[in-house]
Every structure is written in structure tokens, then in C-alpha cells.
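Undergrad: Pulled the feature table from TrEMBL, pasting it below:
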BINDING   A:Cys440, A:Cys443, A:Cys480, A:Cys483  Zn(2+) 1 binding site
BINDING   A:Cys449, A:Cys452, A:Cys467, A:Cys470  Zn(2+) 2 binding site
DOMAIN    A:215-381  domain 'Helicase ATP-binding'
Amino acid sequence: MFQAVSKPAIIEVAVPCPLRRSFDYLLTGKETHAPQPGQRVLVPFGNRRLVAVIIALKTQSEHQKLKPIIELLDAETPSLSAQQLALGQWAAQYYHHPIGDCLQQMLPVNLRKPGPAEARPSPDDCWQLCADWQSKEAPANRAKQQLALLDAFVQAPQHRLNREQLTELGFKRPLLNELIKRDLVEAVASVGITNTAETPPTLNAEQSHVVDAVTAKLGQFSRFLLEGITGSGKTEVYLRLIHAALQQGKQALVLVPEIGLTPQTLERFERRFPAQVASLHSGMSDNERLKNWLAVRQGDTPILLGTRSAILADLPKLGLIIVDEEHDPSYKQQDGWRYSARDIAVKRAADNHCPVVLGSATPSLDSLFNVERGRYALLQLRQRAGDAKPPAIQLLDIRRQNLHEGLSTPLLENIGQTVAKGQQALIFLNRRGFAPTLQCHGCGWIAQCGNCDARLTVHYRRQTLKCHHCDATAAMPYQCPDCGDDHWLFEGPGTERLEMLLQQQFPNTPVYRIDRDTMNRQGDVENRVEEIRRGGAGIIIGTQMLAKGHHFPNVTLVGIVDMDAGLFSADFRVVERSAQLLVQVAGRAGRAELAGRVLIQTHCPEHPALQTLLKQDYRRFAQQQLAERQRLQQPPASYCAVLRSDAVRLQRAEEFLQQLASALRPHAKGIQMMGPLPAPMTRRAGRFRCSLILQTPNRAKLHQLLSLATQAGDRIKKSSDLRWSIDVDPIELF
DNA sequence: AGCACGCCGACT
DNA sequence: GTCGGCGTGCTC
């Protein structure tokens, strides 16, 4: 017999290395199952063994001496589905990032090392008969499978079976779900979660309209921006949409910002959809992540709720994507493969012919621009639940004012009046620690970080100096190292200092501080928020940790200590970000019977952006900003990428980008090139950083140039300590 | 990214 | 005479 000539004996793989190309290997012919794209494979690479991903099968190779693979790691089912593989390949091109690294990041950590694609069974993978199962309606006689499974539970010791045993007995998850639905069986480890779905509340007219509009588009690609003010019931809309998708037999993917995935959020979803929600977030073990990742892929779980990287998971029946707080910067990965989960969500919706809903109270300018261009349909929720009124915003001009640790007299008086009424005040300051600067009163010496162009922050209680840009920590000195004087000046306010001041001023009022220094462990914030909600008069001090998600019904006064830092910056996105932060912080306050007030301390009350925000009009602010961006041809009115470099010596970093810029310039017609410029805080963690900014209205041209940049960048001779990277659609310019 | 190979300084 | 510094080049 002839050997079939087309039998693929060679595989093309992506290896987890920063190399922008693939490698070919020989199959041994002794594989126990058929190789398929997406499967993991152990290969010899140099003198190492690496877990690579098959991207194609071939019959021949350009390369002469191929090595044979060591073994196929996936039995049958590839770790990455065809759709994921295609997504990874698309993303590698779009973000100009090495394919091997992209595919590696799409795999759960446990699958990045050799071993089978299985999760260890864990205790919460156990189910038992409900105590009152006999009083419940049994499955119909013709539901033979269900009866068999029920019988297996009755026979089992303690009436319990775990996942492993169920698999052994040949029972599949959907069948188990049937028994769970009938209240015959429940998960063992789940404490305090009822297994009956709660009854959804009634929707108001606005909510119904939104639900109808999106539901009508299930099954086709459609993009929505859902602009819903704080407290307008966005989450309820999401739950209804998910329900509609599930009814059509589809799966739903919900993305939330990094710190938005609190136990409360998860519980809210689980109450509505018992045993149907899997989650992926940073607080879980690698094994748990793998377990949920697999559950969603196998279709056992129809809902995936997760943070940024959840957009990379496989949902074979994906029918709806929701991105909550779509403006949140945590959707953009800030190192390595700098992808935007929000943007990939839109791409996946297109691939899956399904709707994507981007929700926010303060939509990003990118999304508003897409509404303007008619790409996204705009849906709005303007009504606050219970008719709560938006808070009144007022500026406090603090020029030449006496400040007490950063607080003006009027703000202090207002805090006093608020707590006297038994209400709560929330003071927002985006600077943790006691004081941002330590200065010697004798000679003017200032404590600087040895590794960064930054001052050290004083942490009073711990008597330490910390750098907030690297991990440098030092003991608070007794004497000035320059002149020996021991009189110190603590300059500027920090949250720790405000806490001490306010506790002193209001000794009978509880003062709560919420920042990275006081909230160490998972769940600390939730516990503290719960305590505040139950409490009466009180003062809450916090950084941007406060701005997201949590609502404080007893807060009637919000004070913004320092607005000015967010108004002026070389980076045009800083103003957008601080406006969003302001609106979000303001949204923490007030309810129907207690209208809230927001007081903003500033040295520049005439600033146009502030004046617009003052009128409660985020949308008008956004329109003004958009007009400005269009005038200056800045994103989203143009496309942008940043090439960055860093090295131990500034000259090395600069030189590299200069050479890269020269190599690109002849091909950069119609593309604005700015730089290379040292970043505003050039030295950080002992390295100097530079940026070269590219901007053009022509996306195709930008990507052509970036392709050239990857080639040129690899060719240019570099000192060994030089690192460089490409950031497509950056959210920070430097 | 790793890891080896390679050519120049201070140690047994 | 070697141990080891990190420059540079490759990985199917």
C-alpha cells in the first residue's frame, strides 16, 4: 500500500518565547491520538523542554533539520479551541506581540506546564441529597437517567457524591443540574447560598426598554453602550439579559473591573442563577481557576463572571457579552501583551454573532465616539432607584485659604455639620500615607527615592519612608543626613494624616480609612463597607479604592481634597480619568430622603472641565473633550501606539528609540511621530524610561508601520539591559 | 526569555 | 594557570 502523501507528519507550533515566529517539529508517528491545532505539545527547544501550542498541521517545512516532539499533552480535546486559537492569532497581529506569549497567556496557569488538562477535584465539587428531598416532586418515570442519578445519591454514603465519583458512574453535569433545579440535590460546600433562584424585581420602563432592545438582537452581532447613572439598576438589566440568552441555550460572559468582583457581586449572580455561574478572578487558586475555565468550556456552566483575562476563556455557545464599567482602566493589561479586554470583547461578539453591552455611568470617550459615529447603539438609564436626586456639586476655591493638613475651613465646617446630624462624610484623597514629602527644616533636604525620580512618602505610624513607585522602604531618619538637624517638615496631606486630624477634631465620631495600607486582605474592604453602612455618624477617608461599586446610603457629604492634580497633565487621558473618578465618587452619596452634596477643593475654579462637571453634565464634559481630541487629532479621533524603551542608563534607552525612529521615519508619511521623549517620571525602579508616540487617522498605515517597527527593533543592536515594547491603543502615553 | 559559547580580569 | 564577568547569538 502507498502511504498517503498528504498525511501530516509535521506540526507548526508557537513556543512561549518573545519570538515573533513559529517553529516546525516532526511527529513521531507513535502518538496515541490525532494531533490537532490548539493542542499543547511538549517540545525540545534549544536544550530546554517547553510547552508549546500547535497552530497548524503540515506535510512539509522550509526548515531542513526538524526535531521530533516529545509528547502530545492534550488527549483529544485541544486546550485551546479553534476559536480561541484564531483569536490569539488575531490578537498577536493586532497588538504586535509574539504569538507564543499570547497563546501562553490564554492558557490557565496550570496548563502552562506539562501534565494533563484536568483540575484536581476539590471539596466544593461535592453534592448531596437535600434533607427534604422526599417531599419534593420526583423526576418523571420516563426520565430514566435522572432516576438513576437520584438512586446513586440514595445509595451513596452520607448521600454524597463528588465530581470524580459522578464521572466514574458516567453522569454528566447537565443531568446533575436537573436534580439541583428540582431541589433534590445541593452543592455541599456552598454555605448560605440558596439553591432556588430568587424572584427578579420588576423593571421600570427604562430598564424594560433596554432589556427589549438588546434581547431583540440576540443571535446577531450588535454593539450597545449602556449609559446608566449610579443606582439606576444596570445590574438588574444585565441579569435579565443573561436570562434571555440562557433561555436561547446560549452562554453569557460578564466582565467586571479588577476590584469589582467582590463576594457580593458573585452572590448576586449566584442567587439569580444557582449553580450556573463560574467565576475567574485574582483571589482564587490556580486549580480553582482551571476548574471553572474547564466547566465553562465543557458547557457545564452557562455564565462566566470574571476580570480582564476572562475574555480569553472559551465559551462554545457564547451568546452575550457584558462589560461592566467599561471605562475602567483595569481592562487594559499594562505589561507584556497589552490587550484591552473591552476591545477584545467587541471582536469576540463579532466572531460569535452576538450582542456586546458596554455599561458605565461614565462612559469612556472611545465608546462615546463610537456612538457618535453610529457604530454603537446608545441605551440610557437616567432614573435613580427610589427617585434619589443627584448630589449638588460645589467648588471650594482654596487659593490663599488656611489649610489644616490639606483641608480648608469650610470643608471642615461642613464635615462637622454633617456628623452633627448623624450622617456620614466621605473624604476622597488619592494619596496614601501621612505626607507625600519629608523635608529638613534646617537645610531644606528632601527625602528622595534612590531608584526613582520621586519623593518618599512618610508613613507615620510605621515610622517609615516608602516609595510608591517601587518597593523601596527606609526607616524614618532621626536626623537630617545632610546637616544633622532633627526638625522635620511633613509637607502635603495623605490619607493617614487626614485620619489623624479628623479623629482629633471629631473625637466622638468614628473615622474609617480605606486604602491599600489599611485594607490588606481579601474581604477587608467589604467588611469595612458593611460596618460603615450599619453605622451612624462617621467620616470615611479613602483613595480611589472607594470610588468603585460600593454605595454608602448614609453619606450626604463628599469632599474632594485635591482636584488639581487631575486637571493638568501632558497625558490627555488624565483629565478624562479624573472626571470619571469625580462622578463615580460623587455617585457614592445620597439616597431619596437624604440628598448629597459634593465639595471640591481647587486652586483653579475657572477650569472649563470643572465648570462643565459642576453642571452635573458628564456628557457635556465628554463632548467638549471629544471635540478637543478631534481638533488635535488625538484618540479616539485617530489611532495611536506607543513604543517604549527602558534601560539602566537614560542614554541607552533614548538611543534605541532614536534609531528606531530613524528607521521608521522614511515609511511614516501621514503618521505623526512624537519623541522619543523621556517619560515624565523618567527613572522608576532604577530604570530610565522613554516613549515614542505614533498617531494617525489611518489605522492600516499605523499597523504597517508597527510591523516594520517589530522588524527594525529586533535588528537594532541593543545593550543587554535594554527592554522595549509596543503598546497599541495605549491608555497612558508614557 | 533562557541558555551556551566566548574572550578578558583577579584568585588558588 | 583557572573561575567567572556579561556581550552576542540561537532556539525548528
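Glycine residues also receive a Cβ, built from the backbone N, Cα and C atoms like all the rest.
Whatever TrEMBL says is automated annotation, not expert-curated.
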Undergrad: Considering every residue in the domain 'Helicase ATP-binding' (A:215-381), what is the mean pLDDT value?
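TA: Value for the domain 'Helicase ATP-binding' (A:215-381), mean pLDDT as a whole number: 94.
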Undergrad: For A:Cys483 (Zn(2+) 1 binding site), find which of the binding-site residues A:Cys449, A:Cys452, A:Cys467, A:Cys470 come within 10 Å, Cα to Cα.
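TA: Cα within 10 Å of A:Cys483 (Zn(2+) 1 binding site): none.
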Undergrad: Please identify which of A:Cys440, A:Cys443 has the densest Cβ environment, defined as other Cβ atoms within 10 Å, among these binding-site residues.
TA: A:Cys440
Undergrad: How many Å lie between the Cα of A:Cys452 (Zn(2+) 2 binding site) and the Cα of A:Cys443 (Zn(2+) 1 binding site)?
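TA: If we compare the Cα positions of A:Cys452 (Zn(2+) 2 binding site) and A:Cys443 (Zn(2+) 1 binding site), the gap is 22 Å.
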Undergrad: Of these binding-site residues, A:Cys452, A:Cys467, A:Cys470, A:Cys480, A:Cys483, which scores lowest on Cβ atoms within 10 Å?
TA: A:Cys483
Undergrad: Restricting to the same chain and to sequence separations of six or more, state which residues have a Cβ under 8 Å from that of A:Cys449 (Zn(2+) 2 binding site).
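TA: In sequence order, the residues whose Cβ lies under 8 Å from that of A:Cys449 (Zn(2+) 2 binding site) (at least 6 apart) are A:Arg455, A:Leu456, A:Cys467, A:His469, A:Cys470, A:Ala472.
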Undergrad: Around the Zn(2+) 2 site formed by A:Cys449, A:Cys452, A:Cys467, A:Cys470, which additional residues qualify by having Cβ within 8 Å of the site's Cβ center?
TA: A:Gly450, A:Asn451, A:Ala454, A:Leu456, A:His468, A:His469, A:Ala472, A:Arg684, A:Ala685
Undergrad: Quick check: in three-state DSSP terms, what is A:Cys440 (Zn(2+) 1 binding site)?
TA: strand
Undergrad: Would you list the other residues of this chain near Zn(2+) 1 - those whose C-beta lies within 8 angstroms of the C-beta centroid of A:Cys440, A:Cys443, A:Cys480, A:Cys483 - in sequence order?
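TA: Not counting the recorded site residues, we get A:His441, A:Gly442, A:Gly444, A:Trp445, A:Pro481, A:Asp482, A:Gly484, A:Asp485.
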